[in-house]
């Protein structure tokens, strides 16, 4: 299988560099050329935990030949112990079919089907010398330094810290000192970018004021229990001498800043009138505005109006009093977030429907007539339009091969401007990357990552007859308010086969990695606990 | 767990008879037809109905005696924006007291005559139990048509851990009660406790400065947990014991809640702690 099929799921820009994550690897580009690749090592013992796609010796050999610069990790590369014999083919299929059945289980959604944990979020420091990445399956936050060696930029991992729950969104504070991580369980933690020495952290008391009991005594007693069965259970507990071992919390310094009782989807740090704020969005339709560090326990307000999950929020840097949010609703919402007032809504559905019409075949239209919207990206950029600088908003949706642009007017409305059709589903966008080097004109460039693995318009179907010329990274640029294609990004197509992305069932698991937002939608008939 | 079929049948029969017979609505409902497993998972989605925002909440069916009259409505007409957003008509008063996890409603019913000019709301996650409290309030109102008693209490089904800000605006409440909350004994389940560092920030948001949080439990470990978490939260301070014992609500909370009575019968201990919401620090 061709290697270029593995798409880039997230990207960030750091100075003149583009940092893009593809499965469990991170590529570093400068001036349009690939400088280096960092590979995430596989989880220890993970092979037993999750069904792996077939691993062939040929692939293992390729892995060693791969042009990975970070060789220190490669040397400890996976001893392909879990190699499956050809005879186990049918068994493999069984696991896959089981997977299919287990789809309903939300925890399975995490599995990307890759050998090593996949990168699910990226962030960079303002000073552009550090990159923070989250790898999903192992819930780990990794900090890298961008170093230069023989004129080649590389990522050097400085630290890895495993969080108590899987981080969903990360960001770095303005002073570059602290990482803010929002997780699946609804908690927001702060961690120093550069962790202290292990010996120092050992002395640091954990922030959470949980009273820790040394010896185990049941919290219940005869007086607090009102049923015979529970009384028996209590007697049994008392007889038990060995305390049930509680999981140790993280050993590194981290502080709990705030929390929702819901899965967090996005976090934004912003400053208005000299005050810092943390804005968090969750699966239960909430957008919460809290004070910034160190007063994060004070909730200033909520922006309430969504009736489905909120997946992305964006504060335009030029107009920091505004916030644009999107999620599972048919509309984009525009807020004055400090007061929590909704100012306007903009329909998104008609434009998504127009794009998706093309892809709905006869049989599909019978089953699912209307496309469901899951906003996967909201980006802000300032562009010249008829000699004036105007505020533009770019929106992408899960499984939709298009970019939608809106004009943010001075009357605080979002006016639809343009639909730019892409050759594959939009995955990630970076605005104005690699600026400065060879830019004679001041027009803004965009790098768009498109899905080269799934069919355009589908989040599940594999794109078997993909055009070889469909590159995962494509260049666009703004010209008088219009986005026009400028060509593809020169991604070298090394024979750095992910391998993992191929094979039966891989499509489903890759769907989990690339299109996880639609799963946030609440389902009818779920949890009928009555 | 669903009971045996005949139990369910009896329950349904009882409820339909109650609905048909006008006389029966004056009778207090029988608890045995509304029992439900004492625990609910606060993290699951359930089939919850909640307003998009406090402005969207229509309280009129919960507090019919406090609905504004047409004349008052005219003085404050509905604007186009209200209609566009789907804003509901506010009542004459806002709800000011919340009993979170109100159970069978003992505290609400006991507080109703003590705080006659204040709207009290019970929030309960279990459907059957909510229904019981609603029937109970209906019956009590029918029994007291002239005095207007019990018009100031209401009950709805809600997951307060997730959706409190959907019901209440910033600083709307003056009192919040947590009476005999689920202790969630296992350490693994502590995250499901109603009091936690992060949830306390939400309680501080809906509670006005000076407002009081009331907690009572028969589980000492949970009491210590609640005290340590509120003490650690910068928005709250513990109310001193003399002041606590002088509060009428504390006396009622001790003896009138259903769980309180049960503990009384068992001669068990009761642990009470009150916390005052402080002003937000300047920034």
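Cβ from N, Cα, C; glycine included.
Keep in mind that TrEMBL annotations are predicted by a computer and have not been checked by a curator.
TrEMBL assigns the feature region 'Disordered' to one of the listed ranges (B:1-35, B:36-70), namely B:1-35. If you compare Cα positions, residue B:182 (active site) sits closest to B:101 out of the binding-site residues B:101, B:125, B:160, B:259.
Residue B:259 (S-adenosyl-L-methionine binding site) falls within a helix when secondary structure is assigned with DSSP.
Helix first, then strand, then coil: DSSP counts for the region 'Disordered' (B:1-35) stand at 23 helix, 0 strand, 12 coil.
Taking Cβ-Cβ distances under 8 Å and a sequence gap of 6 or more within the same chain, the neighbours of residue B:125 (S-adenosyl-L-methionine binding site) are B:40, B:42, B:46, B:101, B:157, B:158, B:159, B:160. Every protein chain considered, the tally of other Cβ atoms within 10 Å of the Cβ of residue B:259 (S-adenosyl-L-methionine binding site) stands at 22. Secondary structure at residue B:160 (S-adenosyl-L-methionine binding site), as computed by DSSP, is helix. Of all Cβ atoms in the protein chains displayed, 21 besides its own lie within 10 Å of the Cβ of residue B:101 (S-adenosyl-L-methionine binding site).
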